[in-house]
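Asker: Per Swiss-Prot, the feature coiled coil maps to 21-51. For 66-96, the entry in Swiss-Prot reads repeat 'ANK 1'. Under the heading repeat 'ANK 2', Swiss-Prot lists 100-129. Sequence annotations record features per position, and here Swiss-Prot assigns repeat 'ANK 3' to 133-162. Here Swiss-Prot flags 166-195 as repeat 'ANK 4'. Taken from Swiss-Prot, the feature repeat 'ANK 5' applies to 199-228. The repeat 'ANK 6' annotation in Swiss-Prot covers 234-263. Positions annotated as repeat 'ANK 7' by Swiss-Prot: 269-298. The annotation repeat 'ANK 8' is assigned in Swiss-Prot to 304-335. Taken from Swiss-Prot, the feature repeat 'ANK 9' applies to 339-368. Under the heading repeat 'ANK 10', Swiss-Prot lists 381-410. Residues or ranges marked as domain 'Protein kinase' in Swiss-Prot: 463-723. Annotation comment: Swiss-Prot describes Ile469, Gly470, Ser471, Gly472, Ser473, Phe474, Gly475, Lys476, Val477, Lys490 as ATP binding site. Annotated active site, proton acceptor per Swiss-Prot: Asp588, in sequence order, evidence recorded as sequence analysis. What Swiss-Prot records for 732-746 is compositional bias 'Low complexity'. Sequence annotations record features per position, and here Swiss-Prot assigns region 'Disordered' to 732-751.
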Amino acid sequence: MGNYKSRPTQTCTDEWKKKVSESYVITIERLEDDLQIKEKELTELRNIFGSDEAFSKVNLNYRTENGLSLLHLCCICGGKKSHIRTLMLKGLRPSRLTRNGFTALHLAVYKDNAELITSLLHSGADIQQVGYGGLTALHIATIAGHLEAADVLLQHGANVNIQDAVFFTPLHIAAYYGHEQVTRLLLKFGADVNVSGEVGDRPLHLASAKGFLNIAKLLMEEGSKADVNAQDNEDHVPLHFCSRFGHHDIVKYLLQSDLEVQPHVVNIYGDTPLHLACYNGKFEVAKEIIQISGTESLTKENIFSETAFHSACTYGKSIDLVKFLLDQNVININHQGRDGHTGLHSACYHGHIRLVQFLLDNGADMNLVACDPSRSSGEKDEQTCLMWAYEKGHDAIVTLLKHYKRPQDELPCNEYSQPGGDGSYVSVPSPLGKIKSMTKEKADILLLRAGLPSHFHLQLSEIEFHEIIGSGSFGKVYKGRCRNKIVAIKRYRANTYCSKSDVDMFCREVSILCQLNHPCVIQFVGACLNDPSQFAIVTQYISGGSLFSLLHEQKRILDLQSKLIIAVDVAKGMEYLHNLTQPIIHRDLNSHNILLYEDGHAVVADFGESRFLQSLDEDNMTKQPGNLRWMAPEVFTQCTRYTIKADVFSYALCLWEILTGEIPFAHLKPAAAAADMAYHHIRPPIGYSIPKPISSLLIRGWNACPEGRPEFSEVVMKLEECLCNIELMSPASSNSSGSLSPSSSSDCLVNRGGPGRSHVAALRSRFELEYALNARSYAALSQSAGQYSSQGLSLEEMKRSLQYTPIDKYGYVSDPMSSMHFHSCRNSSSFEDSS
């Protein structure tokens, strides 16, 4: 039994074939080198071979730097058969080799000049003479795929089964390079289809490995009949090779019943063709083998204690393949090989975190242990999959296993309660994980320095730091000055935590920011990249602060027009991000990351959690990005694959927050709020005061199904319509936090610097707003019920007469409607009272 951890990724046959391939590449390079003649010399030679008079005066002892005689040059520079005869009659030997190891016949064949080939052969050239690499002229014709040259040689008696230095016949070479017509010609002249190469490989092995179906069929014809079960020196049959390299059409052809292929045969490593298909992620091939040949191969273990299921977990990049194998109900997800390791061990050892998550979610037991077969029988070294991941430095997987909550557990595990018993002794980063992280970070920084335009490169000495205006896990944010601009400086700490480092976040954020240019997205000024201790990101300074601060710390009240301006700006910024050539998903859109200008316009900021959409599959998605309170359900629950529609959900919550002035689910902690939205389909209440067009937009925006959410282009269009028609909205359209009706201006505030410049500056106090709204409401009640005098009431009288919406302990006005249940996407527009 072999040790799984020492399983080679390449076999001896692979190494040999790599050298064979390299040798033929070198052969072609040497042939091409012989054909390279200086321009001046080439012109002179063409004149010699183009004129009988000039040819008669030529020096017969002439040689080039590469040792080419006139006989060689005649084959390269347009000579004629008469020149060949004359030169050979005057004593030039056709057997003479160039410094690269080729005769004139070799060069004539490589040039595919049938006339000169015939002339050389008629004049006495040896058709079997070997040159560099033990190659004959027929080998060279086959390498180049020259059908006419090969035909001439075979007509003149070339040995069709002669072997070169690596024991390849011309048929081997034709099968390797896929020269179908040459293969047909060689078979016509009696080429042996079952002759062995240096490592026992037949032409059918080579055609199967390279995927040449038509050549495989030619080799299997009645007149040829290659042995379909022939084994090389490592007991590979042709089916092993086409399965390994994913040549589905050849697999299907070989598995035909009349060919009598043995589909479950094993090589010296114990691998069936199904093993090799799974080790290389060839899903369609694996399906074909099982559907045609049955499930016998699924139960076979190789010498490394791996079934085909283990092999698929070792490959780890095709969850569909793993799922298909499990669906056959032959191998259990917790099947242990002879050494005790499971598919989960294999996935952990090779760092396939998505597969690890899938296996855990489907019942894989992380407590099962494997033994090291290299130890003596008296020693016991049992290891869980966590230890295998730790050994290889896959710290993200270690963290996942330590904290994974199994369905039967009430609480997730932690490092002191890890079921396998070794969690409390394992801390991350692991030694190897730390080295990997440091190496990757250095590579990332070097790539970032090389790729960042020079005008974005900043020195720390160029930056003047003023007061601190914010902080986070990454470090601190300062107000400052750089290149005569007031800027915000995000200063990173150069420390590493687990596999998620500040350096990693820094590189990602800079690589994204440097590509952004939009008025509704924070403007990038530059970055300091020289030393991890000096890492900093510099952006424009937005003086109005964050939307969160404005609404919930300063408790400022905006009118509806100001709210819509902010909402439109944010939507435009997000639309820009999602429609880039390389779309960007923000992943952390919330009111903290929406910054306001003094004129009331907004920009989207903070791209520390952002990703290029195409890179999501490569990222570790076990950590939920961003703030839980604004997180889309699919991000909170799955923590795996999601789309740009996750940003739309977060935006819908921000829009509700802008309109109501309240924190979403303020009475809950962030995790509880996210859980309520994800598992109970709860959404913030939509009061009667929110305009209907916006209400419908909110309902669609926080749809439980991502596909049911609108694109940001539609959001922008709808909100701009509301902004343009704002005066048509009734006074009741003001929100539950009591915003005043907009001013009389009906202009659409699309461009910065329009009529809305003073809106933020003209904010009212909450008391003034409540007074105005309730006075308006009281007037309406008086007119309809006749209960009050027309002379007006004092504020105290109005307070007693009207029922105020209660104000909670945080100072926020509670919406008169209770929280609502939001149903699944099949009925996305319906609500029901939570009571």
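For all residues, glycine too, the Cβ spot is worked out from N, Cα and C.
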Asker: Between Ile469 (ATP binding site) and the residue listed as 'active site, proton acceptor', what is the CA-CA distance rounded to a whole number of Å?
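Answerer: With the alpha carbons as reference points, the distance is 20 Å.
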Asker: Between the Cα atoms of Val477 (ATP binding site) and the residue listed as 'active site, proton acceptor', find the distance and write it as a whole number of Å.
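Answerer: Cα-Cα distance, Val477 (ATP binding site) to the residue listed as 'active site, proton acceptor': 17 Å.
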Asker: What average pLDDT is reported by the model for the repeat 'ANK 2' (100-129)?
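Answerer: Over the repeat 'ANK 2' (100-129), the predicted model scores a mean pLDDT of 94.
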Asker: Going by DSSP, is the residue listed as 'active site, proton acceptor' part of a helix, a strand, or coil?
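Answerer: In the DSSP reduction, the residue listed as 'active site, proton acceptor' maps to coil.
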Asker: Run through the repeat 'ANK 5' (199-228) and tell me, per DSSP, how many residues are helix, strand and coil.
Answerer: 15 helix, 0 strand, 15 coil
Asker: Among all the protein chains here, how many other CB atoms are within 10 A of the CB of Val477 (ATP binding site)?
Answerer: 19
Asker: Could you give me three numbers for the repeat 'ANK 1' (66-96), the DSSP helix, strand and coil residue counts?
Answerer: 16 helix, 0 strand, 15 coil
Asker: Which number gives the other C-beta atoms within 10 angstroms of the C-beta of Gly475 (ATP binding site), all protein chains shown included?
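Answerer: The answer is 19.
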Asker: Could you say which of the recorded positions Ile469, Ser471, Asp588 has its Cβ with the most other Cβ atoms inside 10 Å?
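Answerer: That would be Asp588, with the most Cβ atoms nearby.
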Asker: Work out how many Å separate the residue listed as 'active site, proton acceptor' and Ser471 (ATP binding site) at their Cα atoms, rounded off.
Answerer: 16
